Amino acid sequence: MENEAYDRIGDEPPNYEETSFSGGTTSNGNGTSNGEHRAVRPSVVSAFGHDTLDRVPNIDFYRNAGSVSGNRAVRPSLQELHDVFQKNGRISVTNTVEDREGSDGTPSDDVESVIPLDNKDGTVRFGWIKGVLVRCMLNIWGVMLFIRLSWVFGQAGWGLGIVVIALSCVVTTVTGLSMSAICTNGVVRGGGAYYLISRSLGPEFGGSIGLIFAFANAVAVAMYVVGFAETVVDLLKENNAIMIDELNDIRIIGCISVVLLLGISVAGMEWEAKAQIGLLIILLVAIVNVFVGTGIPASTDKKSKGFFNYDAKIFMENLPPDFRDGETFFSVFAIFFPAATGILAGANISGDLKDPQDALPKGTLLAILITGVTYLGVALCVSATVVRDATGNINDTIATGMDMFCNGSNTAACEQGWNFSSCDVSSCKFGSMNNFQVMTMVSGFGPLITAGTFSATLSSALASLVSAPKVFQALCKDNIYTALKFFAKGHGKNNEPIRGYVLTFIIAVAFIIIADLNVIAPIISNFFLASYALINFSCFHASYAKSPGWRPAYRYYNMWLSLFGAVLCCGVMFVINWWAALLTYAIEIFLYVYVTVKKPNVNWGSSTQAVTFVSAVNNALSLTGVEDHVKNFRPQCMVLTGAPKNRPALLDLAHCFTKNYGLCLTCEVFVGPRTETLTDVNAGMEKNQMWLNKKKRKAFYAAVISLCVITCCHSLTADTAGVQSYVGVLHDAFDFEYGTVVLRMNQGLDVSHIIKAQEEMEREAQEQKDLEKEELAEENKGKSIFRKSRNLSTQGLTSRVTTPQSPQVVVVNERLVSNSTQFQRKQGKGTIDVWWMFDDGGLTLLLPYILTTRKKFKDCKMRIFIAGQPGRVEQDRHEMKSLLEKFRIKYADIHVIDDITQNPNSNSWKMFEDMIEPFRLHEGSKSTTLAEALRKDNPWKISDAELDTFEEKTNLQVRLNELLQENSRAANLIIVSMPIARLGSVSDHLYMAWLDILTKNLPPTMLIRGNHKSVLTFYS
């Protein structure tokens, strides 16, 4: 195939047409502009002193197709560079832009832009502070900060309380480090955790975790909104302003809140970001309010409720744990840990960040540090100022000078002049252990804590409401779940997932109205933790694979630390809720299996592929050092199909042998000069392998080029048209000590002419449709002059496509097509007749046994036929029966043929003679001189002397065909031991005649000859 850029102009050196880097438009060849941007080849004359087709390194050569940050340039192929000076032509190789299939051209398709894009179209992009830091802090700071943190430190004491916070921060920090490594190993687009996991571990892991992660974020919206609604209802209850009842008030307020949050989200990311900033300010003021309140002198009312200013004795009294009501360290940790989640809030909108590679590590890790210090600071301040139990009664004071009698669990309060000893015998309502509103009491201005609670819940709900549709949209755009493709479409300049917002809204409202969030909460926490575990495992797996493509810019990670983080996340899942952890794993495994079975057509260069390659190489190398053992024998078939689709019956039968058992290699030989056939070989490699994969054939495709078939037989045995070449292939197989199988079907195996005709008809039919479309378009334009010529073209195509074939040809082709798919269908009840004439190591017996284990042949029984001596039939049958039982091979019957040595009948012999007549020399009836001349001119013909020498062997083949006709005419498949011709003694045509007469007029027949090395054993 010649390059279209060649323009022969004699023997002059090639000239090159320059293009321009400035973009613009190019001509489509008809003088019109197609509006397609052309990347340019920079002139390299100045660099090298002469013009050259080679290009200097440029980022445009490395872009993905469909990029919006720059046009993908196509460098000259190696073949173009290699062939150019041989053709001495004027070269014009343009740099074209390749559009990725299925790309919609949206900004999210730009997966290789490292430099922030200019927002010429008004697209909103966030930096690391507003896009990551603020979002992560708001999502991590939840209602736990104001409602449960004091209770956690009351139960665990500040000693174990620090461990609780530290352990939570370890999980999130390790995950943050792993995420930083992954997101700096290449450009990150929208999709957050799903994108990071799917591009690292592949679509199976990414698709499974992406769906449940998006669902978890959607349900989390309901959780946070219900938390907000419950706080509002508590305020209404205090002021006797309940609308209907508490439950319905929560539903009403929750639904109204979700509608308002949805409005903010749909308005665009810019409005959502502004709302987040406002909520952050309120939250920061509320946190500062807590610290300020601990320094304000406590009033009598606050002291009665357990709040005193900073006191070392209170601080030390709160050091040890005091678990009550069946709580343990792990149960307390399970309650607190959800407060540490939310570190993926920035990653979930990675598609809306200016530079995700820089923003995600910096913003996420800093958010973990700030929120961790805040949790610790607030908790320690409360532990130093609030006792565990208090009555709230301002009369429970101790007279001055009586503090010397203080002892027990309330010593610190007693020394402050308060008697809370009654809390030892009955439960109290105040103190860090009993009152969830401790932060409101401690703060300088209580309503600010309520505002902070509102801010924490609404900010988390808003972040989840944005995260869920963004992750879901990225998942749908990859088309892993084809039924969800509807939700992939984006709207507006920011490609907002409006459909995803609506779906998230529906899920949130449903759970607000009907769900028991106390049950669903641990499941959601486990969904998040499963995402963390896979992010950590992704980092470990990529590092373990040692792929050259794993080059993260972020260096502060360790593969074993990431593995530890993954195991720790899995452990925390069971600590939080064991049944929720099991449910999470069950859902993830189900989705993983589903995606694996569906096999989405994507290739992201995952670490799973890298590890598979490394494992395959290591396993192959390990096998080279181990001698083959008969118990581990597996068929390794080199199938001479030509193009795999040309001989489907041969491929199907070989696939039955090797599927889940061994190796299948389909082979094709291209005959001719290398320069003329190389293009066809390169084009066929990927095409044929894809065909095998599409047809679910577990086989490889290989091709070789040879000037003639015989020379290539030494590198790859091939199918040939000539008898000499055909037999030469068999001789080569015997010389290399290969087991050999030949399949014969009466209608033939090659359907290439039918496939070619079908493809031609499809091509012409498509061309006809295109002409009809053009004709219709021209009619609409009123161009009647051209309409007539188009009609003529259409008529010509129709006549070519619908040209009738003769009835005989149609019948033959129908039979051929039907037979070619015979082994794709389930075989009916019948037999596989095995004529095991010669001991070849057991291959003749093993291959049919393998067939009987397949679904297509499970209704077929094996019948064994052996040659026996007259008078020893029963003894020979018993010996074979004993051998088969030792081999543990099931069979239906054993037939001993004791008349195999009889001469064939006259009809059979005449059929054989008629077969070889065109190829006989007949030198016996000629003079000696003429006979010698005939031998010299036709050395390949069958001589009379040769027929006499091999008369017995020839008779055996003809006689065997008679026996096969007599005993196996109704068999589904016949297996016969292949006769061997001694190299140099038997002519190619005589040997071919033996094979032909042996298998003539029979059902599908396989000739098998093993390499005479045992493939069966009865030893353990």
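Glycine is no exception: its Cβ is also placed from the backbone N, Cα and C atoms.
Curation plays no part in TrEMBL annotations; they are all automatic predictions.
Given the structure is predicted, the values throughout are model-derived calculations rather than measurements.
Taken from TrEMBL as is:
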- 1-39: region 'Disordered' (REGION)
- 1-11: compositional bias 'Basic and acidic residues' (COMPBIAS)
- 131-637: domain 'Amino acid permease/ SLC12A' (DOMAIN)
- 132-153: transmembrane segment (TRANSMEM)
- 159-188: transmembrane segment (TRANSMEM)
- 209-229: transmembrane segment (TRANSMEM)
- 249-267: transmembrane segment (TRANSMEM)
- 279-298: transmembrane segment (TRANSMEM)
- 329-351: transmembrane segment (TRANSMEM)
- 363-387: transmembrane segment (TRANSMEM)
- 445-468: transmembrane segment (TRANSMEM)
- 501-521: transmembrane segment (TRANSMEM)
- 527-545: transmembrane segment (TRANSMEM)
- 557-576: transmembrane segment (TRANSMEM)
- 647-707: domain 'SLC12A transporter C-terminal' (DOMAIN)
- 718-1020: domain 'SLC12A transporter C-terminal' (DOMAIN)
- 754-782: coiled coil (COILED)
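Mean model confidence for the domain 'SLC12A transporter C-terminal' (647-707) is a pLDDT of 85. A Cβ distance under 8 Å defines the sequence-distant neighbours of the transmembrane segment (329-351), meaning residues of its chain 6+ beyond its ends; these are 107-108, 126, 131-133, 135-136, 138-140, 142, 144-145, 148-149, 152, 155-156, 160, 163-165, 167-169, 171-172, 175-176, 179, 183, 188-193, 195-196, 217, 269, 321, 323, 359-360, 363-364, 367-368, 371-372, 375, 460, 463, 466-467, 470-471, 474, 495, 521-522, 525, 528-529, 531-532, 572, 575-577. At the 8 Å Cβ cutoff, the transmembrane segment (159-188) and the transmembrane segment (527-545) share at least 3 close pairs (sequence separation 6 or more) and count as touching. As a quick check, the transmembrane segment (279-298) and the transmembrane segment (249-267) miss the bar of 3 or more Cβ pairs under 8 A, pairs 6 or more apart, so the two do not touch. If one looks beyond the transmembrane segment (445-468) by at least 6 residues along the same chain, the residues whose Cβ comes under 8 Å of a Cβ in the stretch are 135, 138-139, 141-143, 145-147, 192, 214-215, 217-218, 220-221, 224-225, 227-228, 231-232, 235, 257-258, 261-262, 264-265, 269, 272, 275-276, 279-280, 282-283, 285-287, 289-290, 293, 342, 344-345, 348-349, 439, 500-501, 504-505, 508.
Within the chain carrying the transmembrane segment (132-153), a Cβ under 8 angstroms from the stretch's Cβ atoms is held by residues 126, 161, 164, 224, 227, 231, 273, 276-277, 279-280, 283, 286-287, 318, 332, 335-336, 338-343, 345-347, 349, 353, 359-360, 362-364, 366-368, 370-371, 374-375, 378-379, 382-383, 386, 432-433, 436-440, 449, 452-453, 456-457, 459-460, 463-464, all 6 or more beyond its ends. In this chain, the transmembrane segment (527-545) lies close to the transmembrane segment (209-229): three or more C-beta pairs between them fall below 8 angstroms, excluding pairs fewer than 6 positions apart. Most Cβ pairs under 8 A with the transmembrane segment (249-267) among the ranges 209-229, 363-387, 557-576 are made by 209-229.
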